[in-house]
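The following features are taken from TrEMBL:
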COMPBIAS  B:581-596  compositional bias 'Basic and acidic residues'
DOMAIN    B:21-552  domain 'Cytochrome oxidase subunit I profile'
REGION    B:566-596  region 'Disordered'
TRANSMEM  B:38-60  transmembrane segment
TRANSMEM  B:80-103  transmembrane segment
TRANSMEM  B:115-138  transmembrane segment
TRANSMEM  B:166-194  transmembrane segment
TRANSMEM  B:206-234  transmembrane segment
TRANSMEM  B:276-293  transmembrane segment
TRANSMEM  B:305-326  transmembrane segment
TRANSMEM  B:332-350  transmembrane segment
TRANSMEM  B:371-391  transmembrane segment
TRANSMEM  B:403-426  transmembrane segment
TRANSMEM  B:446-468  transmembrane segment
TRANSMEM  B:488-512  transmembrane segment
Amino acid sequence: MSLFKTITDKPWERKGIIGGLKPEGAFDAPSEKIALSVFLVVASVVFSLFTVGYFVRMELPDWQPLSEPAQLWFNTGLLIISSVLFQWARNIANSANDKHLTAVFIGGGIFAILFIAGQLVTWDSLQDAGFYMTSNPANAFYYLMTGLHAAHLLGGLWVWSKSSIRLLAGREKSDVKLSIELCTLYWHFLLVVWLVLFAILSNT
Amino acid sequence: MAYVPLADRDHEMEMHHPHSWVEKYVWSQDHKVIAIQYGSIAVFTGIVGLALSLLFRMQLGFPDTATFIDPSFYYQAVTMHGMIMVVYLLTALFLGGFGNYLIPLMCGARDMVFPFMNMLSVWVFLVSVIILMASFFVGGGPTGGGWTLYPPQTNLAGTPGHDMGIVLMLISLGVFIVATTMGGLNYVVTVLQYRCRGLTMMRLPLSVWGIFVATILALFAFPALLVAAIMMLFDILAGTSFFMPAIIESGTPLDHNGGSPVLFQHLFWFFGHPEVYIVALPAFGLVSDVLSVHARKNIFGYRMMVWAIIAIGGLSFIVWAHHMYVSGMHPYFGFFFATTTLIIAVPTALKVYNWVLTLWEGDIRLNAPMYFAIGFIFTFIHGGITGLFLGNVVIDLPLSDTYFVVAHFHMVMGVSPVLVVFAAIYHWYPKMSGRMFHSGMAKLHFWCTFLGTYAIYLPMHYLGFLGVPRRYYALGTTDFIPQSAQDLNTTITIAALFVGASQLLFFINIIWSLRYGPKADPNPWGAASLEWHTPDTPPSHGNWGDSLPTVYRWAYDYSVPGAREDFIAQNTPETEEPTVDEQHFDPDQDKSLADA
């Protein structure tokens, strides 16, 4: 039911049960997925506002662009692999068999951990080269935005670790199916956020 | 993986039954207990905010009488009063308090979708309040940079609380936003997914609509404050220059360079203006229901009320820079923001007309909640109209730094929402406690609050027109401020002390009535919405006994012609609609009985 149709309804005219068991206007998806989707919009607002701040601050005269290290390409590759593995795990979870499910799902998380480790190495190399947080606003934004992105990944890894323990404990696929689906959605979101951030950081 | 209807998931809710006193009242996952916890913490914080306001009013009314109120304390009290009232009292009370209590009951659900996260939300909120209160006890005290926390002012040595005070404030806000997000996700998903059978979105009471849209605003607006708080914390603790410009403090250049204080202002007000509606929209919803029930009429223009709530919510995101006219901006921007600000008056005025038209020819019952609801219409019109003045750039510039602005925003988002808070507490108190409050005392409380707040804020408009500046610890002797302005300030302070003291009537009434009030009827006001039709009063854990309700109609079937009672409950089937036996139905006799 479209939003327009919903809000043009005349409730004083219609009596009786509308919508049967499912209340009219409810989404055909589990509540957890709806909540995650709303949260992703909230997280998008956070990243968008940092980006707006970045562009506004960039216009001021003391801004010195930071040339991002080439290692970020490698890190990006790790995050893409992580996302692909989560998608693979989701496909397995939705299929009839569950071959390799545990390995693929855990692998997805491990590549995300490698991505965070890669980001830390990049931070370290920038520090060694004298690009400190306080020396220029471009550096400060770099550390802040990459740090915030990594913090979101850490939050996802907490859920991933709980689901991994359940998988390793031999729980039924149905018990972790929703978790896998939500992790996959979250990882794809964070990949897109990273690609946008990377594009902005690299091109400014 | 698809949606599973609430009715089919009923058994899952049993998992959260409390097994001990601690689980029932402390680590409770019951939305009603959480609502009362949220409300109690918010009200406690609000009492601190109220006490602070009385202290700084002492300085304004009786300068230098209370020697401990020095300039630093004055600014700290003003700052903490503002932030506490806007964020920690009103936001928490409307969303965490009323949202938690009413959404599941009005949606016919047993609880929120995620009860554990709901419990986490209230405890994280408590942590944020503890951090905020801790700033009173650290070296330098709480921040005194004004509730808007503008850098660089807030972070400079001349400002009280520039060291730990502001840090604790920013951390507290960050923690508060985490709590609000956890609560907000719950409220939104519960409204969308956990409505009972037959309850369409357009059958929801306006209270739910107001809280629902306000929650969406909170979810999208608070991130701006979070982003500003994080960047400012880095400026203070790590020495970055996001907001801090090159500046010389006491003859010494600081390490900061090139930051943009105006960027902070944009971020702050991108949160700050929707925040006004995060407080106002739930108040609009709640007052609509109180007016309708006590006027025994369906709310006038239900659909328009919903549209207005949505329109106001959307528009609230494109008016923020009207708080920044004095910061300077391109005239076209000023024109744009003045236009959007004035446009938002259209749906808002529409709501006011509809409230008044709901009262028109209604069978008005002047119960205590109705006093407060009607009082709200007065104060809101008053505050709204002065908002139209200030929305214009040319009028705002001379008035912006005067008491006119203080009077405006206290009328529109101080007094008005607080009157709704009282209306709503008195209205739902019988359901929440199972007891009736003392009606006479509640009405006395209304008159003291309503007339008292007018005695405070009406003269303040006058002070503003005279050009008396706000934010000043002492006015001193100036040519353009006559002695009569000082006398007016004294009068305002006396009125403020009176209003502050008269709130004891409220607390004594609701606490005394909890134990000694007469037992309440399950539906003493004859309301049609679902929360009044629970099997138990107060509703027990799980709300609905053995089976969930089914909804057959909207929430405003009052004074339906031919019906036996002057309301038809939402869960009354059409076929069982209680009607007067037509053979014996005599409209004239019915009217004379009603008159009698």
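Positions of Cβ are set from backbone N, Cα and C atoms, glycine also.
Just so you know, TrEMBL annotations never went through curation; they're auto-generated.
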Confidence summary (mean pLDDT) of the domain 'Cytochrome oxidase subunit I profile' (B:21-552): 96
Intrachain residues whose Cβ lies under 8 Å of the transmembrane segment (B:371-391), provided they are six or more past its termini: 283, 287, 290-291, 294, 322, 338, 341-342, 345, 348-349, 352, 355-356, 359, 399-400, 404-405, 407-413, 415-416, 419-420, 422-423, 426, 442-443, 446, 449-450, 453-454, 461
Chain residues outside the transmembrane segment (B:332-350) and at least six past its termini with a C-beta under 8 angstroms from it: 301, 304, 307-308, 311-312, 315-316, 318-322, 325, 384, 387-388, 391-393
Long-range neighbours of the transmembrane segment (B:488-512), counting only residues six or more past its ends (CB under 8 A): 50-51, 53-54, 57-58, 60-62, 422, 425, 429, 433, 437-438, 441-442, 444-445, 448-449, 452-453, 455-456, 459-460, 462-463, 475
When counting Cβ pairs under 8 Å to the transmembrane segment (B:403-426), the leader among B:166-194, B:206-234, B:276-293, B:305-326: B:276-293
Intrachain residues whose Cβ lies under 8 Å of the transmembrane segment (B:206-234), provided they are six or more past its termini: 91, 94-95, 98-99, 102-103, 106-107, 149, 151, 154-155, 166-167, 170-171, 173-174, 177, 180-181, 183-185, 187-188, 191, 240, 242-243, 264, 267-268, 270-272, 274-275, 277-286, 288-289, 299, 302, 305-306, 309-310, 313, 316-317
Long-range neighbours of the transmembrane segment (B:276-293), counting only residues six or more past its ends (CB under 8 A): 86, 90-91, 94-95, 98-99, 205-211, 213-214, 217-218, 221, 299, 305, 309, 312-313, 316, 351, 354-355, 358-359, 369-370, 372-374, 376-377, 412-413, 416-417, 420-421, 423-424, 427, 525-529, 555-556, 558
Contacting positions for the transmembrane segment (B:166-194) when only residues 6+ beyond its ends and CB under 8 Å are counted: 3, 6, 83, 87-88, 91-92, 95-96, 99-100, 103-104, 107, 109, 112-114, 117-118, 120-122, 124-125, 127-129, 131-132, 134-135, 138, 142-143, 145, 149, 154-155, 204, 208, 211-212, 215-216, 218-219, 222-223, 225-226, 229-230, 232-233, 236-237
